[in-house]
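Questions regarding the structure given below will be posed in turn.
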Amino acid sequence: MSQDVLTLAQDLIARASVTPLDEGCQPLMAKRLAAKGFNIEPMVFEDTTNMWARRGDQGPLFCFAGHTDVVPVGDLNRWHTPPFEPVVIDGYLHGRGAADMKGSLAAMVVATERFVDKHPDHKGSIAFLITSDEEGPFINGTTRVIDTLEARNEKITWSLVGEPSSTHKLGDIVKNGRRGSLTGNLTVKGVQGHVAYPHLADNPIHKAAPALDELARMKWDNGNEFFPPTSFQIANINGGTGASNVIPGSLEVMFNFRYSTEVTAEILIQRVLNILDAHGLDYDISWIFNGLPFLTDAGPLLDATREAIYEITGTETDPQTSGGTSDGRFIAPTGAQVIELGPVNATIHKVNECVKVEDIEQLAKVYERILEKLLC
């Protein structure tokens, strides 16, 4: 078995790129891509390092997308091995970012090297959109690169995001879409006072409770064949001074929608406002638009991905839209077809994160086969 993917994955993991740091990961990738004819364009926005690398100037444009940043390691005492000293144990590569997503990055680079060596005159173009701001606030990462590309009319046809999509074995699941995400920050106003004199106060918790109950019980839509019904979840509630004898003067509630293509953010916002107003609440509310829902249905990218997975691994893949958000949400609105395909996600963001070495080698072969199907 070739050790190319393993070696590069280890080199990437050894760089402690806790978000928003890159710690030299992108230059490492860039050096190898430049040797294969890629034009390397670093894009640094404030604290975030991004890279746009492209080989070719014609369409269609296939883009590998991913991130070099990783989440913090947590309690070091719970790690069996140092998180930034990658080691292989019983066939698994251990280290922070092994599964999310430095194993995928290594597979992308090696797959591209192999493809270009075999098909130097391939049709279209290949690109890499890499950021160090996926695990963080996602302000200066992929979204800023996409803005730059849009401004110069550089259009991505197909994008493969290397997020760890697999559940039990490599390729059993690919993400061909994601739900939208909308966060609300609600402040319900009241009048602070002594609990013994409620007539002199106005308890915002009591006032808000019926409205919150209605929001929690509301059926927002029925979903569809690609998306489950929209979900409303209260994430945080804060009210009171900590004392048992004080009626609070305000209540703060943070909630989130994960919504399907059956509704829009604007529809959800209006329905929330209607409920709050119907309960006569005095409130302030602000909204954070985390991402629109997107879906890549049957077409060249999804078809090539399903075929490649089966041909390399023998697995019949299941396209799904479940899970959290990814940077695919910033790429899809440009009109690109977007799918996510990466290794098993069982240990992502956990202590002792690891990935099966055989899986990232197989992943490189799948990525290469996808390139062959689309650009040969």
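For all residues, glycine too, the Cβ spot is worked out from N, Cα and C.
From Swiss-Prot, here are the annotated features:
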ACT_SITE  D69  active site
ACT_SITE  E134  active site, proton acceptor
BINDING   H67, D100, E163  Zn(2+) 1 binding site
BINDING   D100, E135, H349  Zn(2+) 2 binding site
Secondary structure at H67 (Zn(2+) 1 binding site) (DSSP, helix/strand/coil)?
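Strand, per DSSP.
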With an 8 Å cut-off on Cβ-Cβ distance and a minimum sequence separation of at least 6, pull the same-chain contacts of H349 (Zn(2+) 2 binding site), or say none.
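Residues satisfying the criterion: V71, D100.
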Using a 10 Å cut-off on CB atoms, tell me which of the binding-site residues H67, D100, E135 is the least crowded.
E135
May I ask which residues of the same chain, at least 6 positions away in sequence, place their Cβ under 8 angstroms from the Cβ of E163 (Zn(2+) 1 binding site)?
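E163 (Zn(2+) 1 binding site) has long-range Cβ partners G66, D100, M101, S104, K175, S326, G328, E340, L341, G342.
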Across all the protein chains here, work out how many other Cβ atoms are within 10 Å of the Cβ of E134 (active site, proton acceptor).
27
Is D100 (Zn(2+) 1 binding site) helix, strand or coil when read with DSSP?
helix
Over all shown protein chains, what is the count of other CB atoms within 10 A of the CB belonging to D69 (active site)?
25
Within 8 Å of the Cβ centre of D100, E135, H349, which other residues of the chain have their Cβ, at the recorded Zn(2+) 2 site?
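In sequence order, the nearby non-listed residues are V70, V71, G97, M101, I348.
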Show, in sequence order, which residues other than H67, D100, E163 on the same chain lie with their Cβ within 8 Å of the centre of the Cβ atoms of the Zn(2+) 1 site.
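Neighbours found: G66, M101, S104, E134, E135, V161, G162, P164, S326, G342, I348.
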Could you state the whole-number distance in Å separating the C-alpha atoms of D69 (active site) and the residue listed as 'active site, proton acceptor'?
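Spelling it out, the Cα of D69 (active site) and the Cα of the residue listed as 'active site, proton acceptor' are 7 Å apart.
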Whole-number answer please: how many Å between the C-alpha atoms of H67 (Zn(2+) 1 binding site) and E134 (active site, proton acceptor)?
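Given the Cα positions, H67 (Zn(2+) 1 binding site) is 6 Å from E134 (active site, proton acceptor).
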